[in-house]
């Protein structure tokens, strides 16, 4: 059977091992071809590692009834191909195409949406409890990676499920020893030992089956068989120090470890697990990047890939050289400062490469901490370090810091501890879509008393803000910066001067319009001012630098002299930078027209950052056009002949 003929996953139920193996090869080929030619890039290693797992599990289920909950979603590319999306798979992560993650609105087989890790067991348990309350009878399976198992939420769910012995729930642990980077901590170390141990549950259940088949005696031996099974598991555990006793103690029946690339073993394991009452965990050992040697050899680099040569595995060089990314500039600056100050500690939540802290990890490993996928712990860990005079720097994507909101307020801000939050991927993130957009940090941090918020206009100013954040000791301070390359300004190797807290700068003086731009929107606003000049509108452009405290000493006099005030931010309008300016104008009783440009009350779907910004009207042409329209309607009271439409 050809993969393109699969329109429903239940078609797998009638296939033999040979046909399943053929499908596995086709799935990997399709995944690799899509990744190698994708204009936006896609995740690679995780999906290649779960092909056999997906095929075997789906063969044992009735997916018209049963529900599979995938953790995160970039494991689920085989799932997408098997659930009616094969012919659209080439559009993966592109504007108008299929999502790179699970999405309930995209397919009836995507039972729970996810982009952040460690949520699957909680969601699956909720569905299982609802099923039992209604008296339904379908299977619920959560598939979680060992990286996601470093997140505390997974253990909260396991703890709950383990106390519900009559609730049938299967958890499949996809254990490849990695999240994006190699996993850290005691739990991954324990799982690594388990990967090498014999299949304990198979041994115990095989013994049970043989004893029960003894003539005359078998049916009367049930209590003794149970005790013998436990003895077998315990003896195996003692001999190998690797059996899944921790999961058994938490109330789960443990099955495994199973070879995640052996379809026959997987089918046996899943059939066995389906017959076990109560919570059961099937431990499947997989190889990230399986079937593509470059991805198996370099598992961190091939977690996700932009376009590459399939024959060699090497990425295609960019058409023209790009400036260094904000993440790299940040990592370099922090490393330079840490070399001179041993109090500086860089903290990440399983994202050392993505945040630029890999440089610190390499050069100064004693000043680097990776806590795993545990953002809550990362923030309170930093709070504890700050109590003891260290200078903790928490580098986390904007979207992931949301997971530690209580810790930010309760453990850091109330105690006025000098923790420096560095929010990477702030603003639109592109192909990852709504689960990863960094739209909300300005709003959710600005409302916290005494929190300082800053954003650089370019990579050179970012260097100065790193120094500013390190030297600020009066309490918490946060810096946000976008995904991708800087604007290409010259960079000094060191000697960066700190910025005065709460002070903005005027970059361009005009007269009629005052544009207050924050962070990544400064350069598009400068370009918009040039466009407006061509159409007879003069504009002052201010680099706000700080959303809190706002530089009212600079802003209010300029606003009073202007006919229109405009705020521009790459974040949500509700509660954001524009709201801060609106509050300041109201408090000062300044009745000047105000236009706030930013992200409205919508979910921003996956697309390239450029496509998203254009759609939101946050590129230079869009900013200029919206200012022109507002100026014409509210200030000039309508005179279209004077102001031609700006071409976007």
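Indices start at 1 and increase along the chain as displayed.
Each residue, glycine too, has its Cβ placed from N, Cα and C.
Annotated thiamine diphosphate binding site per Swiss-Prot: 74, 115, 116, 117, 147, 148, 176, 292, 375, in sequence order. Residue 147 (thiamine diphosphate binding site) has a Cβ environment of 28 other Cβ atoms inside 10 Å.
Annotated Mg(2+) binding site per Swiss-Prot: 146, 176, in sequence order, evidence recorded as sequence analysis.
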Within its own chain, what residues at least 6 apart in sequence put their Cβ under 8 Å from the Cβ of residue 375 (thiamine diphosphate binding site), listed in sequence order?
349, 396, 400, 401, 403, 404
How far apart, in angstrom, are the most distant Cα atoms among the thiamine diphosphate-binding residues 74, 115, 116, 117, 147, 148, 176, 292, 375?
32
Determine the Cβ neighbour count for residue 176 (thiamine diphosphate binding site): the number of other Cβ atoms within 10 Å of its Cβ.
24
I'd like the number of other C-beta atoms within 10 A of the C-beta of residue 74 (thiamine diphosphate binding site), please.
24
On a simple 10 Å Cβ count over all chains shown, which one of the binding-site residues 116, 146 is most densely packed?
146
Roughly how many angstrom lie between the C-alpha atoms of residue 146 (Mg(2+) binding site) and residue 116 (thiamine diphosphate binding site)?
14
